[in-house]
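What follows is one structure encoded as structure tokens, with my remarks underneath.
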Amino acid sequence: MRFTLSWLMQYLDTDASLDFIISKLSDIGLEVDSVDCKKHLQSFVVVEVIDVVPHHAADKLKVCQVYDGVQTFQVVCGASNVKVGMKSVLAYVGSVIPKNQTVIKVAKLRGVDSYGMLCSRDELGIAENDSTDEGIIELSDNTYNVGESFFSCDPVIELNITPNRGDCLGVYGIARDLAAAGVGKLKSVNFCDITFDNTCYISPIEICLEVQGIVKGVYIKGIRNCETPKWLKEYLFSCGVKSISCVVDIINYIMLSFNRPLHIYDADKIAGKLVFRKIDDQIEFFALNDKKYLLGKENIIAVDLANRIHSIVGVIGSEYSKCLFDTENIFLECAWFDPVDIALSSRKIKLSTDSSYRLERFVDPEFLQDGLKLATKMILEYCGGSPSSIVSVQNYVHNDILLNFSPDSVRNIGSVSITRDEIFDFLCNIGCVVKNHDCDIWIVIPPSWRSDLKHSFDLVEEVLRLYGYDKILENPIPISNIEFPDNLHNKLRSVLLSQGMTEVVTWSFTNLEFAKKFGYDSDIMLIDNPINNNMNLMRPSVLLNLLQVISENQAYGNNDAAIFEIGQIYNINSVCGDNNYVVSGVRYGDNLPRNFYKTDRSVDIFDVKSDFFKVLQEMNIGYDSVDLVRSTKSYLHPMKSADVYFNNILIGYFGELHPSIVHLYEIKRPIVCFEVFLYKIPVVDLTRKEFVELRYQSVKRDFAFLVSKNVNIQCLIEVAKKTNVQLIEDVSIFDIYEGNGIDKGMLSVALSVTFRSVDHTLNDQEIKDASDLIISAISKGFNGILRSC
């Protein structure tokens, strides 16, 4: 939002300096992007041409003498319209031309020195769209004085207005906010005094509304679309708006002053009635910016009885009925439509205009009549004409919002020392109506132009904003003595990173067809409006997304990967607030990069088994606390996978992926994976166990048993441990063998057992007795036979 200081002063009565106003704007949340004092434009002055002679060496050049009120300058000019007595604009030596940033220097043109340049409208950046002027700019005698700066030196302020403050997209709204913050007083604009004596006829153009909104209009006949007044051109130029014609410039001025977009139609091009409706089917539209747009069902249009489209409502008008210099009869429209409808319409054709930018951020629906009357008054003043009575149609009613507001909440939330009277004044200054202000709870009605004030805490924010954020007292946050345990997820991340894995974060969506291959065809949560067809299901398992990551990495030549993700999974029974978190990991390729010291190998089930139990170990769940059962999941290898149970609850699985799944993702090597269902694991004590010093030496003994291939080896380990829990510290398998020397259907399973006592050194007899118990238990429980060396 750009405006000049003098424009602001039209509505704000204050003696405050420019620096103070800029500082206050930032303090109240209206961020100042820039302030341009236009020093670079002060070198363009109004001059009078006092002599013109032909150039002695060039037919198309003329040597001119121009007077700036102080001295005379010689300028070589090629314009065909230069003549003695005319007023034009001289760019002094050192000036920078606005159009192309050319720096003017002393030049010698065909042997004649030139001290400056006489400028055209185009070079000055003020060429009008319909202008046919050629050559240098010619100024009227009574508007400009010789020697004065052509451009106004009025400082231009540019603000970055946030989307919720559409009311400040007009200079009047900015002045109102400054006045509310104590910077001067807001000057009153009495729109009720605007009346027209010659509204004795009814508009020949009717309006019909088939969408939610309000439309008002007035027909003005017999206008003269003359040149725009100098002051208005300067205001528009300062805002970066090109002057088009007097009528168009007036409605742009109303929009920039009061945040009230309007639209003008050439009334002679409209067949009887304007109908505001949505489009039934796609249609091409030729806009007044000389571009074609393909309109769809999102667009609201204004169409006449001849089915000609005259505008995309709130966005842009048509080329056919735009207002030109020779237009005599106009229809002036002032409308309000649902901001969402305008936003959708604008985005459909990928066009944002000054009008749509404001309408989609909400404009005051109560200001239509006054805005229309003000625009009509200015058009009659500068262009003449005879207006009709105002025609109006609406199917939207703006209802006031009543907010229960406690003034004490400002002090409690904002930690400020502010009186009830000050709070009352601030609310009234921004346009609120305050009732019951003698009670503890006030009834506050926000003004119609503040769509962002919807809750009582919005009012608290408004008071604090105007009172000054710098006045909020420092209030140190109280320090609690409660010690919180480290976040479990962060702990698990550290563990898996130490395992050489890399964390990834993927979408919560996945592909339905792939999920079905994993057996997820029921209790799944489909997405009604997916981002694309490959993300049409809330993921029932993180594994699906990790496999997609592996597949994409392989396509880029990354043939070794170990990745994990901690995230949520979803099913049809999931509700808001569920925390169905899992830890999922995948390994692919070789376990180590190729190196000089070790021979790499392909990853296998034991790599992910280690990852799985590292996660459980971090949750203080030991290996001996869980049960391993051969997995029946269709997407896992039937002989190289296991489901893990804790207290008879399935808490996860690990293993090698089934070859058919590997083929589905077009992955070239076997993949091993794991998934821990964190949400199924009961709350456990995450505190670290105290360190226990081991004072006495351990003893290791190895045993090799012949057992049936059908024996659950996990059970074998557990039985061995239970024979003497006081002395047996650990039992692990270090070899499994079948083949030569072993009967068919049998396995040789080698156990390594560690013995240790916490209070003495073990003697040989104790070790022998404990070993005999192990041999006896395995012999009785599994028909195991101890192998001799």
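Placed from the backbone N, Cα and C atoms, the Cβ positions cover glycine too.
Feature annotations, courtesy of Swiss-Prot:
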DOMAIN    38-151  domain 'tRNA-binding'
DOMAIN    398-474  domain 'B5'
BINDING   Asp452, Asp458, Glu461, Glu462  Mg(2+) binding site
DOMAIN    694-787  domain 'FDX-ACB'
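Counting every protein chain shown, the Cβ of Glu462 (Mg(2+) binding site) has 25 other Cβ atoms within 10 Å. Remark: Asp458 (Mg(2+) binding site) has Asp452 as non-local neighbours, by Cβ distance under 8 Å and separation of at least 6 in sequence. Its Cβ taken as reference, Asp452 (Mg(2+) binding site) is surrounded by 18 other Cβ atoms within 10 Å in the chains shown. Listed in chain order, the residues near the Mg(2+) site other than Asp452, Asp458, Glu461, Glu462 are Arg450, Leu453, Phe457, Leu459, Val460, Arg465, each with its Cβ within 8 Å of the site Cβ centroid. Here the domain 'tRNA-binding' (38-151) has, by DSSP, the following mix of helix, strand and coil residues: 7 helix, 45 strand, 62 coil.
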